[in-house]
Amino acid sequence: MDPVNNSRVAEFVLLGLSSSWELQYFFFMLFNLLYVTIVLGNLLIVLTVISEPALHTPMYIMLSNLSVLDVFLATYATPKMIHDFLYEPKTISFEGCMAQIFLLHVFAGGEMMLLAAMAYDRYVAICKPLHYATIMNLCKCTGLVVGSWVIGVMHALSQLAFTVNLSFCGPNIVDSYYCDLTLVIKLACTDPYVPEVLMLLDSGLMGVTSFVLLLISYAVILVTVRQRSSVHMAKARSTLTAHIIVVTLFFGPCIFIYAWPFSNFPVDKVLSVFSTVFTPILNPIIYTLRNKEVKSAMYKLKTKYVNSRLLSQLSLSRLDLLS
């Protein structure tokens, strides 16, 4: 029997975003800056929601969880990509590759469900304002958030189940900066048709269905608000426009990549970067930094921090004088 067929690939080679050294140095600086911005921006939102009791409502609890997911979504592959810009060879172990696939689908699947939960929250708030407190109580909000994470884990396990058991005995070059499932399964020694169909039914169907249902829910909200005053209409349009932008930016690349796994497009690599790096930066800006309540809470947090620093410095100065 051919020994090659008995061997198993121990690692994969990642081609990255570019083979040009000049571009890689530029990308190293750019993505370092973007990654730090993602982490600090989203953690600031989480800290603001935690520290401000007025924000302990379903809407902001979900937004803080979205920020947590965005940090994780940017972290599963971005630090490795930044490292690979300066170091050769760009390799990842088989176990590390499977871990990337699992984590990507946990966080991406969880974010899809959380965005759907946030759309439901806005639907209840705008279309049934008198019953909002009863319908969207803390128990239901917690259930929606926990359910989003659980569905994300189940989605990732279903993707990993058919991937980890594939036979990888030869080609190991992945034309991406991370272990893209659509590319990894094409490297299997067996016919990738069945795994591609399973991926289409899972990720593709999940992405398209969630996206369509979200758009329908936003359309229903707009139709409902049209019957009210122009002031309410303008405010609702502004809020929904922001939500629709975020949903489109997140779902668009995912649907394009995973709904057509049978074909590999050069633009897939760019779309992957957009959904895992740029979307987590835009989410805090679009969802929360435009929000008066969040900006007010951030100002209070800043004032509290500055005052505590001043008091600490005054205390130290008094101690120095006394000594």
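Glycine residues also receive a Cβ, built from the backbone N, Cα and C atoms like all the rest.
Under the heading domain 'G-protein coupled receptors family 1 profile', TrEMBL lists 41-287. The transmembrane segment annotation in TrEMBL covers 25-47, 59-78, 98-120, 141-162, 205-225, 237-258, 270-289.
Only pairs six or more apart in sequence are counted, and the transmembrane segment (141-162) with the transmembrane segment (59-78) gives three or more Cβ pairs under 8 Å, enough to call it a contact.
Per-residue pLDDT, averaged across the domain 'G-protein coupled receptors family 1 profile' (41-287), gives 84. Take the transmembrane segment (205-225) and the stretches 25-47, 59-78, 98-120, 270-289: counting Cβ pairs under 8 Å, 98-120 has the most.
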